[in-house]
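Comments concern the structure below.
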Amino acid sequence: MNTKSIVFNADNDYVDKLETAIKSICCYNNCLKFYVFNDDIASEWFLMMNKRLKTIQSEIVNVKIVDHVLKKFHLPLKNLSYATFFRYFIPNFVKESRALYLDSDIIVTGSLDYLFDIELDGYALAAVEDSFGDVPSTNFNSGMLLVNVDTWRDEDACSKLLELTNQYHETAYGDQGILNMLFHDRWKRLDRNFNFMVGMDSVAHIEGNHKWYEISELKNGDLPSVIHYTGVKPWEIISNNRFREVWWFYNLLEWSDILLRKDIISRSFEELVYSPKAHTAIFTASCEMEHVEYLIENLPEVHFSILAHTYFASSVVALLRYSNVTIYPCFSPFDYRKILDNLDFYLDINHYKEVDNIVSVVQQLSKPIFTFENTSHDIGNQTNIFSSTEPNKMVEAIRQFIGE
């Protein structure tokens, strides 16, 4: 079987994210040769990784990029590292004719055979366009590059990229801008399935780009082959972009389960860590939710999703100390649909105004609603109403409903 060469840039601060990406690849692929371009990752980490990877006929190469001028180059975002420019050096260190470059904030959900089998048709690389709507883009996203290493090597691409960066780093959009300068008309378009960027999920509706949610919706619940966590990252305390739980699934997988290809690798985050008996939700425009903490504490088998069109007060964010709580500030249409699709019952316990006519929406779904007499937004009184002085009775009713 031919070796699949896969390249990452990384620094020591990102090594846990890098390892999560590698874990996801190893779940579905053998005969891998990872190149990790870095200047500060300890050799002990590579020793342990090579011991693990040997089980699946794979290896990892510690490529140290030293004595470089990259630190002086301007970066478009504060959270980016100069290590992003390390991909320029692919033709100098990768021995194989083809390599797949991946950013470390990526998860792979299946076999990579297709990418290593397709014809590059003489192009210098294959990539996915960097588009955030229905208007085609002439630029590619540099987070996933299928590199024609022979072409890069023959053309001395590394030197050319460094020269262009030296000239234009103040105005170009980082390495991506420079790569597009050099290869602007010499790249093959790939389906977005191979670099599915989710960074717009949580901001498109705020910017009025509602078309995004139609264009980027996946059919039949399928996962993209390559998920790219652009924008807010899934390891941050709050991130409403899609597939957060997918990243955490691979992050928490044990290496022994991956290398032995145990059944768990084909399951989900909930099956791996936490599978609630029921899901509930609260749509609110206020931080005041009647007895919310009491309900959370006394219904540990229920997962609570709290959604708002705005950012949350610190008192709501503090509820994240409970493992059965997720909050959705500035929730998106994707969040809305996901919550309603999973909903078992609704809690109408927020004070002040109702959000998005949610009580009627839930009633149309034929889902039960539990409320207090001082928070009910149901003018028809069709919900299960409890006294705010006896929250224990609501807890008892919910337990009975979910079969506890």
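Glycine residues also receive a Cβ, built from the backbone N, Cα and C atoms like all the rest.
Feature annotations, courtesy of Swiss-Prot:
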- N9, A10, D11, N12, D13, Y14, D103, S104, H228, Y229, T230, G231, V232, K233: UDP binding site (BINDING)
- D103, D105, H228: Mn(2+) binding site (BINDING)
- 1-267: region 'GT8 domain' (REGION)
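The least crowded of the binding-site residues N9, T230, judged by other CB atoms within 10 A of its own CB, is T230. Highlighted in sequence order, L102, S104, I106, G143, M144, Y229, T230 have their Cβ within 8 Å of the centre of the Cβ atoms of D103, D105, H228, the residues recorded for Mn(2+), and are not part of that set. Here the binding-site residues are D11, D13, D103, D105, and the one whose Cβ sees the fewest other Cβ atoms within 10 Å is D13. According to DSSP, D13 (UDP binding site) sits within a helical segment. The binding-site residues H228, V232 differ in how many other CB atoms lie within 10 Å of their CB, and the one with the most is H228. Each residue contributes its Cα atom, and for N9 (UDP binding site) and D105 (Mn(2+) binding site) those atoms are 11 Å apart. When pLDDT is averaged over the region 'GT8 domain' (1-267), the result is 91.
Taking the C-alpha positions, the distance from D13 (UDP binding site) to D105 (Mn(2+) binding site) comes to 13 Å. With N9, A10, D11, N12, D13, Y14, D103, S104, H228, Y229, T230, G231, V232, K233 listed as the residues that bind UDP, the site has a largest C-alpha separation of 21 Å.
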